[in-house]
């Protein structure tokens, strides 16, 4: 009950932030419209009209500064690599005193356009040719949030590990240790062991790291204000990275049977083998891709849902809409808490399953043989 | 193209780069300093609990065995006691019977001896009586014979007098 009321409070605060922030975006767009008319064509909207899609996308997307409240944002370091070398500067340089995108003259003239840093010509137009040469390694909002997650994970688990070292194995776990141990055991007993089998111990560090990284990112994403609110696990770049790691791990630990089942399915007619090989080959890639999309889509969908419900207040332009919107937001947020855990679990479980499939030893080779052999044998016996 | 329209499905190289670094750092640091000791500790504890349980089971089995052994010993002791008691009773009965027999034999012997003595004495007495009667008869006959020669009346008085004196013992 207490948690719920705290959450409603959080949601209420978040709506307040959103209210102030959305007015800020109006202001930004207004000035942008006056300054760069080239941009206006892409934002076809009347002055003062509330654009739900844009507001929501704004929150889902990565940003070069971390919005705190009202007109206050935390500037983050921008790291760019181009043919003129590496350069690092504060993202505060990319906005003017009215919080509108401004041109910063570094190695090139940079300007933030739709959240991305682009090279602009002196006349204000985007120079696509030069923009393609600039690699953006900035500490964006998502990267900062990710680094925070890494810090949290290190703090939690190094302290838990030291607790085990200090108290030994004979005493019952205490505090944080007792909170984490069941989850670690859950990953071991429900995820690793049933899917991988007796070789599970080798993959435990990977699975635990993936699980807790996704879990903490999901939870942080649900916190509506600084230092949460970034959409790391709902960002395709993050899920893609994790999926690539799963892909590499699965295929590097794949044994002979695994590859045999992909390229030359045993127990089939040769024509069937030829037919199955490309399908199985595609399957190698679709598995991690499904992991990538599943996590991205689930977390993003949750964020969109919560944001849409909050946006109801601004669509109806009355504070009374919050009577309906806020309870729904609370409800969805509680479900999102479950989804946060569930998605971390599903990602880890599927990863474990793929590893299990790649390392499985087939003792039942005979099962793949055509069955007429068996019936023939039976006839002989009879 | 849809990919160009929606920026959500376009991965940024920056985040990919930092995610990779973050993940590798986590995997390395946590793997070495957290997961390894934690999993080791958990496994050790589980093994410890398993061992303790197995040990408890073993001790329990031992206890049961000990108990049954004790019971067996007790039963055996009881049996032995019963046997001893029985034997003792038998022995005592035997002793008693023997004593009784012996006593009876002795008694019989004594009785026999007594009877023999009595018979002997009776015979001796009878012999004695016979002798005395004989002597008396001879004596009386002698005196009668002597008196007869004098007086017949006196003779008879005398005889009655004599007979008065005769005491048959």
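The backbone N, Cα and C atoms fix where each Cβ goes, glycine too.
Whatever TrEMBL says is automated annotation, not expert-curated.
Annotation source TrEMBL lists signal peptide at A:1-27.
Per TrEMBL, the feature transmembrane segment maps to A:143-164 (among others). Sequence-distant contacts of the transmembrane segment (A:143-164) (same chain, six or more residues past either end, CB-CB distance under 8 Å): 66, 76, 173-177, 180-181, 212-213, 216-217, 220-221, 227-228, 230, 232, 238.
If you look up TrEMBL, you'll see A:203-226 (among others) marked as transmembrane segment. Same-chain residues lying 6+ beyond the ends of the transmembrane segment (A:203-226) with a Cβ under 8 Å from its Cβ atoms: 10-11, 13-14, 17, 66, 68-69, 74, 145-146, 148-150, 152-153, 157, 183-184, 187-188, 191-192, 196, 232-234, 238, 242, 245-246, 249, 253, 295, 299, 302-303, 333, 336-337, 339-341, 343-345, 347-348, 351-352, 355.
Look at TrEMBL and you will find A:232-250 (among others) tagged as transmembrane segment.
If you look up TrEMBL, you'll see A:262-285 (among others) marked as transmembrane segment.
Counting only same-chain residues 6+ beyond the ends of the transmembrane segment (A:291-316), those with a CB under 8 A from a CB of the stretch are 11, 14-15, 18-19, 22, 50, 52, 55-56, 59-60, 214, 218, 221-222, 231, 233-236, 239-240, 242-243, 246, 322, 324-325, 328-329, 332-333, 335-336, 339-340, 343, 346-347, 350-351. Marked as transmembrane segment by TrEMBL: A:291-316 (among others).
Per TrEMBL, the feature transmembrane segment maps to A:328-355 (among others).
Within the same chain, residues 60, 62, 142, 145-146, 149, 203, 206, 210, 213-214, 217-218, 220-221, 284-285, 287-289, 291-293, 295-296, 298-300, 302-303, 343, 347, 351, 354-355, 357-358 sit at least 6 positions outside the transmembrane segment (A:232-250) and bring their C-beta atoms closer than 8 Å to a C-beta of that stretch.
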